[in-house]
Amino acid sequence: MNPYILAILLFGLGLGTTITFASSHWLLAWMGLEINTLAILPLMTQHHHPRAVEATTKYFLAQAAAAATILFAGTTNAWLSGQWEIHQMSHPVPITMVTLALALKIGLAPLHAWLPEVLQGLDLTTGLILSTWQKLAPFALLLQITPTNSALLITLGLLSTLLGGWGGLNQTQLRKILAYSSIAHLGWMILVLQFAPSLTLLALLTYLIMTSSTFLIFKLSKATTINMLATSWTDSPVIASLAPLVLLSLGGLPPLTGFMPKWLILQELTKHGLPLIATLAALSALLSLYFYLRISYAIILTASPNTLTGTTPWRFNSLQFSLPLAIATSGTILLLPLTPAILTLLPS
């Protein structure tokens, strides 16, 4: 892609998200979401492959439906209360519509069916943008409207954690596994949104770091399936040894960073008298942990081929920029000891 066009599209992505962040009016927020969607569509179709075009079409239809519902909910709220302000959402009908529309935008269950199919049709770089940057603007709106329908949020969050764990069990495509991982992590964030928004932001931040390092590892090893990742040991042993740590951090294994938000969220849910919800969420984390362990097993404990074509190749210096991977991987693996310091920064 022409670097000038790429710069304009990335600027559009940043502009759309910034407009949504800064807006207090539903029309401006909707405009920012639309700019964001339109800026990523050319990035998704840059390879001109039928699978990429199909994924782009599905993404456009899902996002257009969600944006239209947001606009309709804002109009309904203005009709009922005379207010266009995001903070003035008081009637339960527009609040429910906006919550469901934003759930469709970020891919929460049961409105998640488009996400694995879309992510599977994209290259890893665009998939990284879709899984990280594109979640920011809808989350900013969710945090601003502070939905009062606790049963709806808990249902969305619990369904997302369960279906995100369940859906990834039988997958061999890494991008689909990451899509179901995204659904499960977003479910954890939604579960605690009404009780502790600061914990939702913390979970979102750790999710962004962990997902970025996972996508960058897959990109450097040029892997799109579990089998390709399993044979990457001969090409890049350092990357292959880092990958299981990053994946287990995504699963929330205790010595790693991913354990921190899940532990704090379970603590918060129990504190608010929801032990059954916390137990179901913890059990759903075991489902996710299983498919991360399966990939880790494929990377570490399966023997590389010893045929003549499978012998260790010459290892040339990689031309890919690896500094972002180093930073993201360090954050993914080493942030757990900072939990007490992070807790002091969160409002009590």
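From the backbone N, Cα and C atoms, a Cβ is placed for every residue, glycine too.
Annotations in TrEMBL come from automatic prediction, not curation.
Feature annotation from TrEMBL assigns domain 'NADH:quinone oxidoreductase/Mrp antiporter transmembrane' to 23-287.
Within the chain carrying the transmembrane segment (60-80), a Cβ under 8 angstroms from the stretch's Cβ atoms is held by residues 26-27, 29-30, 33-34, 37, 41, 88-91, 93-95, 97-98, 100-102, 104-105, 114, 118, 141, all 6 or more beyond its ends. Annotation source TrEMBL lists transmembrane segment at 60-80 (among others).
Per TrEMBL, the feature transmembrane segment maps to 92-115 (among others).
Away from its own ends, the transmembrane segment (151-170) comes close to residues 96, 99-100, 103, 108-110, 112, 116, 176-177, 180-194, 274, 277, 280-281, 284-288, 290-291 of its chain (Cβ-Cβ under 8 Å, at least six residues beyond either end). Among the features that TrEMBL reports, transmembrane segment is placed at 151-170 (among others).
Taken from TrEMBL, the feature transmembrane segment applies to 177-196 (among others).
What TrEMBL records for 202-221 (among others) is transmembrane segment.
The transmembrane segment annotation in TrEMBL covers 233-253 (among others).
Under the heading transmembrane segment, TrEMBL lists 273-293 (among others).
Per TrEMBL, the feature domain 'NADH dehydrogenase subunit 2 C-terminal' maps to 289-343.
According to TrEMBL, the feature transmembrane segment maps to 325-346 (among others).
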* Hey, which of 92-115, 233-253, 273-293, 325-346 has the most Cβ-Cβ pairs under 8 Å against the transmembrane segment (202-221)? -> 325-346
* pLDDT averaged over every residue in the domain 'NADH dehydrogenase subunit 2 C-terminal' (289-343) -> 75
* Structure fact -> Counting only residues at least 6 beyond its ends, the same-chain positions whose CB falls under 8 A of a CB in the transmembrane segment (273-293) are 154, 157-158, 161-162, 164-166, 168-169, 171, 177, 180-181, 184, 187-188, 191, 247-248, 250-253, 262, 265-266
* Residues of the same chain, at least six outside the transmembrane segment (325-346), with any C-beta under 8 angstroms of its C-beta? -> 196, 198-199, 202, 206, 209-210, 212-214, 216-217, 220, 242, 245-246, 249-250, 254-260, 264
